[in-house]
Every structure is written in C-alpha cells, then in structure tokens.
Ligand code: AMP
C-alpha cells in the first residue's frame with residue numbers, strides 16, 4: 001500500500017494505472033475505520049484492479065456546533081485496517097491540501113436536502129458534494145462505494161454524479177451492524193456504556209416499524225409515532241428526526257407505497273446517531 005498526502009502525486013500515480021488499463025474502485029471515508037468501511041473496501045477489492053481509500057475529516061461538511069474537532073482520528077490504526085483490506089493507494093490529505101487558503105468554488109446541492117439530515121445540518125451536503133467532486137476529479141475512479149447507512153448521502157451523490165457527468169458507477173452497500181443491531185459508526189466510541197446499551201434500540205424501533213408495515217400499516221404518521229414512542233421509552237437520547245419518504249426521491253408520502261425509507265437521527269450526549277431501513281411496499 002502506498003500512502004499519499006499530495007493530490008498531484010496521487011493523480012500522477014493513478015494516471016499511470018489508468019494508462020495500464022487498470023480499473024479503479026474508490027472508498028471515501030473520514031477514517032477511524034470499522035467493519036462498515038472494511039465491507040466497502042472488500043466489495044471494491046472484488047470488483048476492481050486497484051483500490052483507493054481516502055481518509056479526510058472534511059471541515060466543510062461540519063456545522064459550527066458540530067463535532068469536527070472531536071471526531072475520532074487514528075491514522076496508525078487506519079493504516080493497518082487499510083493494508084489488511086487490500087487498499088493499494090491511501091490518500092490522506094491535509095485540509096490545506098484540499099482547500100488551500102480559501103476555496104473559491106463550492107458545489108450547492110439543490111434537491112433532496114430539505115429533509116432528514118439536510119434539514120438538521122444546513123450546508124452539510126454542500127460540503128459532502130464539494131469534497132467528493134474534488135476527490136472524484138483527483139482519483140477518476142470507475143466505481144465509487146458508499147454505505148446505505150447514509151442513505152440521504154447516497155441519494156445526493158447519485159445526483160452529483162448524474163448532474164456533473166462524472167463517468168463513475170455509484171455502488172451502494174448495505175449497512176453493517178453490530179451483533180445487537182447497532183449500525184457500525186466511528187461515532188459509536190463517543191457513547192457512554194449506558195448509551196451504548198440504549199443505542200441498539202434505534203434499530204429495534206426500525207424493526208418494529210417494519211413489522212407494523214408488513215402487517216398492513218400504511219399511515220406514515222402512525223409509523224413515526226411508533227418509533228418515537230419506542231425511542232423515548234427505551235433511551236435517554238433526544239430525537240432529532242424520524243421521517244418516512246419515498247426513496248431515493250425523498251418526497252413525502254402520507255400513505256406508504258413503493259420504495260420507502262424510514263430514517264432517524266437521535267442525539268446522545270457526545271454522539272448523534274443515524275439509522276434507516278428501506279422497504280418496498282406493493
Ligand atoms: P464515514 O467515514 O462515516 O464518512 O463513512 C465512509 C463511508 O462508509 C460512507 O459511504 C458510509 O456510508 C460508509 N459506512 C459507514 N458506516 C457504515 C456501516 N455501518 N455500514 C456500511 N457502510 C458504512
């Protein structure tokens with residue numbers, strides 16, 4: 001595995017790979033790697049000649065009162081996970097390398113952002129789309145792998161790739177979970193022991209909602225109420241949102257039909273957790 005901190009050097013090395021007709025799979029992360037990331041790498045490894053991993057905690061996608069400073073970081077550990085995961089090129093740029101003194105252009109996401117995390121985190125998806133547009137241009141991957149845990153992010157990236165004509169195939173990968181159902185996340189380390197026990201209830205509440213839908217519940221408000229009651233009763237977390245939409249359009253529906261997403265965000269003391277399930281209803 002080769003590690004690069006310079007975008008220009010990485011571009012040069014990858015151009016060489018392209019000239020040799022190697023296909024490139026790309027996994028974008030903020031580091032503090034876990035099995036969710038490893039699963040993305042594994043899929044990229046299987047489907048491409050070359051695997052590129054970026055680790056970059058992107059300040060542009062964090063709000064002023066969010067956890068940019070305290071986001072967990074451990075490069076040494078990540079390098080081991082990356083090497084074991086079959087990464088060929090690890091890109092680990094500084095903020096200055098990515099943005100210089102002050103960026104003069106940014107990407108503004110115009111749809112699918114007024115709901116879910118987009119509503120709670122204004123500007124977040126502009127930051128995600130901007131940094132990914134840069135990474136896509138630096139790496140020029142054939143395929144890019146993203147987790148369905150961040151389902152709204154997948155929807156936004158789908159728009160970015162289509163609208164900006166990136167010749168990249170977007171591959172969405174199922175959420176990887178702990179044994180008790182908690183979605184793996186770098187932020188889980190910021191949960192207290194008590195909160196960690198409670199955190200499994202996010203997925204439990206989604207399963208409850210799924211069961212209700214499968215038993216015939218079609219009222220979106222009734223489904224979100226069911227989840228809300230469960231989270232309030234079983235956890236000390238504060239609900240940020242519980243919402244149901246068409247997926248991937250993220251349009252509201254009163255009566256559930258077709259492809260839907262049931263998504264939630266819950267704030268614990270030092271970690272805001274998100275989770276979702278997607279369902280198809282005839
Ligand atoms: P992050 O480092 O949290 O920005 O995540 C980097 C990539 O890994 C994103 O595409 C995430 O959706 C994906 N990812 C994070 N957690 C999981 C998980 N538990 N299962 C599957 N993919 C994940």
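Quick reminder: no glycine exception, Cβ is built from N, Cα and C everywhere.
Remember, TrEMBL labels are computer predictions, not curated facts.
These features come from TrEMBL:
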- 37: active site, proton donor (ACT_SITE)
- 30-37, 147-150, 176, 184-187: ATP binding site (BINDING)
- 61: beta-alanine binding site (BINDING)
- 61, 153: (R)-pantoate binding site (BINDING)
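Annotated features, which come from TrEMBL, shown on the structure.
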residue	record	Cβ neighbours (10 Å)
30	ATP binding site	19
33	ATP binding site	25
36	ATP binding site	20
37	active site, proton donor	26
61	beta-alanine binding site	21
148	ATP binding site	18
153	(R)-pantoate binding site	25
176	ATP binding site	18
186	ATP binding site	20
Worksheet item: In whole Å, how far is residue 36 (ATP binding site) from residue 61 (beta-alanine binding site) when you measure between their Cα atoms?
Response: 20
Discussion item. Can you tell me the CA-to-CA distance separating residue 33 (ATP binding site) and residue 153 ((R)-pantoate binding site), as a whole number of Å?
Written reply: 18
Worksheet item: Given residue 176 (ATP binding site) and residue 37 (active site, proton donor), what distance in Å do their CA atoms have, once rounded to a whole number?
Response: 9
Worksheet item: Which binding-site residues, if any, among 30, 33, 36, 61 have a Cβ under 6 Å from ligand 1, given in order along the chain?
Response: 30, 36
Discussion item. Through the lens of DSSP with three states only, how would you label the residue listed as 'beta-alanine binding site'?
Written reply: helix
Practice prompt. Take the C-alpha atoms of residue 36 (ATP binding site) and residue 153 ((R)-pantoate binding site) and report the distance between them in angstrom, rounded.
Written response: 15
